[in-house]
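*Asks:* Straight out of Swiss-Prot:
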- 11-182: domain 'BUB1 N-terminal' (DOMAIN)
- 99-132: region 'Necessary for interaction with KNL1' (REGION)
- 229-256: region 'Necessary for interaction with BUB3' (REGION)
- 305-333: region 'Disordered' (REGION)
- 306-319: compositional bias 'Basic and acidic residues' (COMPBIAS)
- Ser307: phosphoserine (MOD_RES)
- Ser314: phosphoserine (MOD_RES)
- Ser331: phosphoserine (MOD_RES)
- Ser375: phosphoserine (MOD_RES)
- 458-476: region 'Essential for loading of BUBR1, MAD1L1 and MAD2L1 to kinetochores' (REGION)
- Ser525: phosphoserine (MOD_RES)
- 538-570: region 'Disordered' (REGION)
- 553-570: compositional bias 'Basic and acidic residues' (COMPBIAS)
- Ser563: phosphoserine (MOD_RES)
- Ser593: phosphoserine (MOD_RES)
- Thr609: phosphothreonine (MOD_RES)
- Ser655: phosphoserine (MOD_RES)
- Ser661: phosphoserine (MOD_RES)
- Ser668: phosphoserine (MOD_RES)
- Ser672: phosphoserine (MOD_RES)
- 787-1085: domain 'Protein kinase' (DOMAIN)
- Leu793, Gly794, Glu795, Gly796, Ala797, Phe798, Ala799, Gln800, Val801, Lys821: ATP binding site (BINDING)
Amino acid sequence: MDTPENVLQMLEAHMQSYKGNDPLGEWERYIQWVEENFPENKEYLITLLEHLMKEFLDKKKYHNDPRFISYCLKFAEYNSDLHQFFEFLYNHGIGTLSSPLYIAWAGHLEAQGELQHASAVLQRGIQNQAEPREFLQQQYRLFQTRLTETHLPAQARTSEPLHNVQVLNQMITSKSNPGNNMACISKNQGSELSGVISSACDKESNMERRVITISKSEYSVHSSLASKVDVEQVVMYCKEKLIRGESEFSFEELRAQKYNQRRKHEQWVNEDRHYMKRKEANAFEEQLLKQKMDELHKKLHQVVETSHEDLPASQERSEVNPARMGPSVGSQQELRAPCLPVTYQQTPVNMEKNPREAPPVVPPLANAISAALVSPATSQSIAPPVPLKAQTVTDSMFAVASKDAGCVNKSTHEFKPQSGAEIKEGCETHKVANTSSFHTTPNTSLGMVQATPSKVQPSPTVHTKEALGFIMNMFQAPTLPDISDDKDEWQSLDQNEDAFEAQFQKNVRSSGAWGVNKIISSLSSAFHVFEDGNKENYGLPQPKNKPTGARTFGERSVSRLPSKPKEEVPHAEEFLDDSTVWGIRCNKTLAPSPKSPGDFTSAAQLASTPFHKLPVESVHILEDKENVVAKQCTQATLDSCEENMVVPSRDGKFSPIQEKSPKQALSSHMYSASLLRLSQPAAGGVLTCEAELGVEACRLTDTDAAIAEDPPDAIAGLQAEWMQMSSLGTVDAPNFIVGNPWDDKLIFKLLSGLSKPVSSYPNTFEWQCKLPAIKPKTEFQLGSKLVYVHHLLGEGAFAQVYEATQGDLNDAKNKQKFVLKVQKPANPWEFYIGTQLMERLKPSMQHMFMKFYSAHLFQNGSVLVGELYSYGTLLNAINLYKNTPEKVMPQGLVISFAMRMLYMIEQVHDCEIIHGDIKPDNFILGNGFLEQDDEDDLSAGLALIDLGQSIDMKLFPKGTIFTAKCETSGFQCVEMLSNKPWNYQIDYFGVAATVYCMLFGTYMKVKNEGGECKPEGLFRRLPHLDMWNEFFHVMLNIPDCHHLPSLDLLRQKLKKVFQQHYTNKIRALRNRLIVLLLECKRSRK
């Protein structure tokens, strides 16, 4: 009879001459022959399996072959250290795509009590998409079920086997019945992989336990039985570890101690592995970014050199940035005069002559402040004060007055500590005074002289550069009203501008809003541009450890009255990210609705109450960005974070325009000097948290833009020209009026009446369950996809946006990144608008708008899966220029982006859709902006996002108009504030406000002069002045809903200027912006 050794020699000789494609098949037949003919010769089988592994270890063809994996697992049954053996297989790539390997590995770890490690092994198999996948997922679910059942300590103790006893039993019975014993061992080990133990092994194991017992001594009670079968006596346990002095530990206590030590070690090992993987990924990505930045630097250097050689000197002078140059003092005085009404110019003189007669209403106002802050219900009943007719101004914030002319000099040397609530932002707190939008340049070298605020940009001295970074940002933080007994008297104005700047630099006192009250403001430095928390439009976050420097667009101080010093407002860490979004559709931070006065409660602590009763002649309308509607004497606020509402008495009307009576109507003279506050309230205005995450209201005061008058005849005749070239043509006369197009009931009715419901879309999935828990650094099942959530991009009150990945996390090339917009309650409207927009647009235009891949609707929320944009919003790009010498975006880029915006809105309107929420942080930059090389489309990569406020005009009768105010957006159009009907005008205004942000780095405020709306900061030193005057005149002065300007004609005029001046420069400007974006992205890692 042939022996196995002889057959093996024959096999080896055969394999040397074998030329087939499957050598493993020959080995398989030989091993089967050995198992059938020599079942008891286990030692030879182990040697044969070891020889087989060495033969095929380096052959990648068989690494995931089921036959080879099965032999590896069979060899593992005879291995003493299974965990090390499985790691050896995995590190050599054997079985990485095979489910049996992971199941066997996890089964061994589970038997050892290493449940967390076992779970990690199964998860790794699922991530690697091991086959068969269904079987692996089933075993993972069974493992989780067993895990929940073994949480009780008693169950954990009874379910864990005594491995030493099993080994001893096997050794005792090995000679008496070796065949059956080995079969039992094989079955037991197989049961660890499958979770099922055969009854035969149970029976034999029970019989063996009756033979061997555990004793405190090192010898078994039935030692004679062991001696008969010539088996060495094995010590069951170490007495030194259990018996210590007079006390004795139990096995459970010893096992628990070892388990805790092993668990801590495994946790440390896992953390170290995770850290190394993350470090390698970051290093790889940083290397790619560095290579790309080096290439861009080289291209930028080459383009700049060529552009400097071809640039005429005259052209350079015409394009000097307005923030960096300024006329002489004499020219400033000459330019200042036409900007102010006659009453304003006479006010300082009159106040100097009789300073104690100027503020006759100060005591009543001071009392009204205290009453309003302590008891809002009482303050609302106080009658309005006498209007300050002599102090009406056109300034964007307030006029400065004083009781004593000498107090200016006195305040220059005195610093009054702020006693109000401190706002903790970052590592330090700056305390400055809230100022007007006069560009007051602090220059402390001028000494103690009185001054008048300057209305134009001063010369770029060293002090000016310091002041620009200082003053520019003090309006960039929210106002928290505090109870105050401050009744300091007003400060007077003088004619010397420089002394006022010096006084402003050193003193923390400032007069109140509209020249009535004083406000103490503290400048916060720990959060960035337009930041109101992690908001859902996932702009690119700024680095957390940003060096101290010039403030950026959106930083604001906290304005309040002096109050008791113990009150403190906690700092919100979410404000360290500039991924902002305005206008979440379900935003509760809304102004009061006339239809539901019962929704409002009494005033709360965070309610921002007016510092004084504003006279009707002084303020026409005050609007806080996105959150606030101001009334004539009282203001209303909804705190969306706590859903606490603060409103005036229920008897009054809530709309600021509807509230006015005919007696309160402004005369034409006073109206021409009043201001429409379109994006920020006065210092006494209402403040709320814009993004539902804190008490921040992102509002700005224009401190850098010089105020100048337009030539009276500069834009004569433009009205007729633009109205004749309307892009939408003449709209039919409205035959249908809708109050609020964003009403939840109306939207539900519109969605219910669709001929093709949203639920019928192929990429819409409805789940009859609640929204799963979605957290960073976790994975969850979304339909048939296993999604891994990386981190939170932005967060609002009702929506969070996460960056997620589908696919292998370790495979950087094949993994697909996207965003998850999670909303509670569900919001199918935004998905409907996005889908309709893609259907109505031409395929070549779809890349300019955000695309949703799918929508998952749950019972209590929704998840929208959309395209990921990696380089932040246009708002972030605007802020990046704050740390550059020019401080604002270059003109070439502004015109390029403006042309792209006009084209986007034209396409949206052609689809009969109103976006409804145009603003800088709803334009986002993707990879296309870095990769595109088209000469004619250098603003490619810019996309429009956030369709939650959009309106589908096809669902309404033709010519429908709306009357509601866009209460969830700070960019309210002129028609809303003047109580006129509107439809497409809201997008026109949004584009104008966004372009203004790019030009000046501040929010736009509009004034009405003689019935014509103009941006408050105009543009005396701005290049292409005529073009921008015409642009803002067309976008802000739309007669009605029937005659809309032509966006295409306006875009062609911008294109003409662009081609004349910036064709040779735009690529260098774009490359520089790319470098800034890449550096910003790398710095936040």
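Here, residue 1 is simply the first one shown, and the rest follow in order.
Each residue, glycine too, has its Cβ placed from N, Cα and C.
Mind running through what each feature is packed against?
*Replies:* On the 0 to 100 pLDDT scale, the model's mean across the domain 'BUB1 N-terminal' (11-182) is 74.
The DSSP breakdown of the region 'Necessary for interaction with KNL1' (99-132) into helical (H, G, I), extended (E, B) and coil residues amounts to 26 helix, 1 strand, 7 coil.
The secondary structure of Ser307 (phosphoserine), as reduced to three states from DSSP, is helical. Taking Cβ-Cβ distances under 8 Å and a sequence gap of 6 or more within the same chain, the neighbours of Ser307 (phosphoserine) are Asn1064, Lys1065, Ala1068.
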*Asks:* Applying a 10 Å Cβ distance cut-off over all chains shown, what neighbour count does Glu795 (ATP binding site) have?
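*Replies:* Here the count is 24.
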*Asks:* Applying a 10 Å Cβ distance cut-off over all chains shown, what neighbour count does Val801 (ATP binding site) have?
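*Replies:* I get 25 for this one.
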